[in-house]
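Heads up, the thing below is written out as structure tokens.
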Amino acid sequence: MSKKIAVITLGCSKNLVDSERLMRMLADVGYDVADAASDEFIGSDGEKIVVINTCGFIGDAKEESVNEILAWCEAKNEGAIDALYVMGCLSQRYADELPAEIPEVDRWYGKTDWSNLVLDLVNRAPGSAPYDRVITTPRHHAYLKIAEGCNRFCSFCAIPLITGRYKSRSVEEIVDEVRMLVCRGVKEFNVIAQDLTNYGKDLYGKVEIARLIDEIAKVEGVEWIRLHYAYPKDFPMELLDVMSRHDNVCKYLDIALQHISDNVLENMRRHITGQETRELLAEIRRRVPGIHIRTTLMVGFPGEGEKEFEELVEFVKEQRFERMGAFAYCEEEDTYGAKSFTDDIPDEVKQNRLSRLMAEQEEISLSIQESKIGLEMRVVVDREEDEFYVGRTQFDSPEVDPEVLIRKTVPLKKGEFYDVKVISALPFELMAEPVI
């Protein structure tokens, strides 16, 4: 009789990579890995197990994780599944409280305990390579996690409390994983870590992100490499030289800036000033002409008055970020911010500030998108819809950035790269036609 298991991933792309590794290990020891929502899983005979990989970063993410757990507890009580296991950030952060509050869960595991989960299920060591995975993204692209943890301890962030100190994987292991994934058809690699710009310091005594990306770029078959989650303080400029030197390193950088006011940055413990931030952005654009910068900003942090918020709005207008996200501050227990500051800005004020900031960015995004009308650009095709192929340029990361809708004037293949001409634009979409 079959043994089916479904892994549900909540939260960020780093969690997704952990889930993919877990699924590979489960498949190697005889489990049939299935989609939890599929008839293949729900309607099947035999043992059925659900694993939930949780997120515990901010309030909304914690609520989503708890709701998902409770829903599957109900399914277990009704006999729809045989066992429920929970892992990830939430279960690690609240390792003492959750088992007592939700006893229906069969076992709880921490963020990096997925190998122990497999051992508990089969009572023997799995034979997979430590980086082997089941790719759950479209076959042509994958996330590449190069490190775990964070050493920055920003005052608003609970991630170091959950994941611990920064732990880099070796250059050799990462490059081996890239080669393995290329052999499986992956062409696009979105390199992720909580802090790319600290990579290698714990292993090699110095930051080695530039060397790592240089080595990945040399692997035959790697079409695109995109960099996520850089930290502005002590940014390694040699990384920009690698980006300029290799055509397959996308001219794209995801760097979370959070704010521009010196007062707010100091309270956030970002260890950088507004002026230093502006100088860094200018140098990035000077060294890599045409680069698209994605950033994340925060409104409503304690100490952000109207003056500081207006400074942030003017900063967004001045910099004209190609890609930007923002969120309102939510106090996280046990962080330096929660212990040191009073979260005294009303939620209504936070949401109004967030709406205004995103409205400013939408106008900027539309202007930048419209500037591309008439240009020929290279895209990868992700999927096919009724009237269009849907793709992305090198400036667009999956799920968070704009897409390109390509007219079906000629047949195109999913996972392949094509030249297209942009014919119209919206803030978060381009319309294009193939260049024949």
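The backbone N, Cα and C atoms fix where each Cβ goes, glycine too.
As recorded in TrEMBL:
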BINDING   CYS12, CYS55, CYS89  [4Fe-4S] cluster 1 binding site
BINDING   CYS150, CYS154, CYS157  [4Fe-4S] cluster 2 binding site
DOMAIN    3-127  domain 'MTTase N-terminal'
DOMAIN    136-367  domain 'Radical SAM core'
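Looking at CYS12 ([4Fe-4S] cluster 1 binding site) and CYS150 ([4Fe-4S] cluster 2 binding site), their Cα atoms lie 15 Å from each other. Cβ environment of CYS150 ([4Fe-4S] cluster 2 binding site): CYS157, ILE159, PRO160, THR163, ARG165, TYR166, GLN194, ASP195, ASN198 lie under 8 Å away, each six or more residues apart in the same chain. CYS89 ([4Fe-4S] cluster 1 binding site) sits 18 Å from CYS154 ([4Fe-4S] cluster 2 binding site), taking the Cα positions as reference. When the domain 'MTTase N-terminal' (3-127) is classified with DSSP, helix, strand and coil residues number 58 helix, 26 strand, 41 coil.
The average per-residue pLDDT of the prediction over the domain 'Radical SAM core' (136-367) is 96, rounded to a whole number. Listed binding-site residues: CYS12, CYS55, CYS89, CYS157. The one with the lowest count of other Cβ atoms within 10 Å of its Cβ is CYS12. The [4Fe-4S] cluster 1 site is defined by CYS12, CYS55, CYS89, and by the 8 Å test on Cβ atoms against their centroid, the other residues of the chain that qualify are LEU10, GLY11, LYS14, ASN15, THR54, GLY56, PHE57, ALA61, GLY88, LEU90. The 10 Å shell around the Cβ of CYS154 ([4Fe-4S] cluster 2 binding site) contains 21 further Cβ atoms across the protein chains shown. Across the structure, CYS55 ([4Fe-4S] cluster 1 binding site) and CYS154 ([4Fe-4S] cluster 2 binding site) place their CA atoms 18 angstrom apart.
Each residue in ARG152, PHE153, PHE156, ALA158, ILE159, PRO160, GLN194 lies on the same chain as CYS150, CYS154, CYS157 and has a C-beta within 8 Å of the C-beta centroid of that [4Fe-4S] cluster 2 site, without being one of the site residues.
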